[in-house]
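S.K.: This is the structure, below, for whatever I ask next.
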């Protein structure tokens with residue numbers, strides 16, 4: 001059961017993947033986690049990735065593809081995986097097809113969490129984080145008991161720079177410009193399934209399970 005999760009920042013991909021990996025018994029793999037693992041392992045690939053990220057640049061496709069191939073070759077992926085944050089481009093989608101072909105597998109589902117720009121802005125721009133313990137709040141869906149203070153440690157809550165409305169709108173536009181063609185790529189191959197990402201978490205999980213278990 002090989003699955004790709006697609007959707008703009010704030011669509012909830014990571015949240016859904018964490019729930020579904022427990023239900024389905026397959027790993028949740030994100031590009032961010034893969035990069036961090038390589039860096040922690042101090043591998044040659046990890047050193048290259050670390051240098052690129054320190055310069056504030058995007059990790060190029062060829063390097064990302066190698067890391068993805070290595071991760072998907074591990075034993076825990078034999079029964080399947082949920083891939084989150086990759087592919088971001090049509091070139092990466094084609095590379096993933098080749099990687100899976102060499103492993104004797106194929107992608108079964110590309111699940112697109114459709115969320116409007118306004119919903120994404122509302123979700124992300126209302127996010128607040130504790131400066132002390134890192135607990136995450138949302139002023140609308142998960143507000144602190146005392147405004148501006150962490151429920152756990154009493155630390156001050158702050159808004160990340162890239163969570164500001166104007167930045168979120170820019171990130172949404174970048175996603176739609178660069179990654180939306182991937183959605184069309186999977187639509188043409190009849191692997192795309194669209195889920196309303198503005199629903200509550202339980203409803204989204206139920207819908208994804210309905211798609212997978214049809």
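Note that Cβ sites are derived from N, Cα and C of the backbone, with glycine treated the same way.
Since the structure is predicted, the reported quantities are computational estimates derived from the model, not experimental observations.
So Swiss-Prot has the following annotated:
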BINDING   10, 11, 12, 13, 14, 15, 127, 136, 137, 199  ATP binding site
BINDING   31, 36, 57, 58, 59, 85, 86, 87, 88, 92, 160, 171  AMP binding site
BINDING   130, 133, 150, 153  Zn(2+) binding site
REGION    30-59  region 'NMP'
REGION    126-163  region 'LID'
S.K.: Using C-alpha positions only, work out which of the binding-site residues 31, 150, 153, 160 is nearest to residue 127 (ATP binding site).
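M.R.: For residue 127 (ATP binding site), the closest Cα among 31, 150, 153, 160 is found at 160.
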S.K.: Return the average pLDDT for the region 'LID' (126-163) as a whole number.
M.R.: 93
S.K.: Between residue 57 (AMP binding site) and residue 12 (ATP binding site), what is the CA-CA distance rounded to a whole number of Å?
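M.R.: Here the two Cα atoms lie 24 Å apart.
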S.K.: Going along the chain, which residues six or more apart from residue 137 (ATP binding site) have their CB under 8 A from its CB?
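M.R.: When sequence neighbours closer than 6 are ignored, residue 137 (ATP binding site) has 127, 128, 129, 130, 143, 144, 150, 157 within Cβ distance under 8 Å.
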S.K.: Around the C-beta of residue 12 (ATP binding site), how many further C-beta atoms are within 10 angstroms, looking at every protein chain?
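M.R.: Counting Cβ neighbours of residue 12 (ATP binding site) within 10 Å gives 20.
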S.K.: On the three-state reduction of DSSP, what should I expect for residue 59 (AMP binding site)?
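M.R.: For residue 59 (AMP binding site) - judged by DSSP and reduced to three states - the answer is coil.
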S.K.: I need the most crowded of these binding-site residues: 10, 14. Count other C-beta atoms within 10 angstroms of each C-beta and give me the top one.
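M.R.: For the binding-site residues 10, 14, the Cβ with the most other Cβ atoms within 10 Å is 10.
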S.K.: Counting distance between Cα atoms, which of the binding-site residues 14, 133, 153 is nearest residue 88 (AMP binding site)?
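M.R.: Spatially nearest to residue 88 (AMP binding site) by Cα position is 14.
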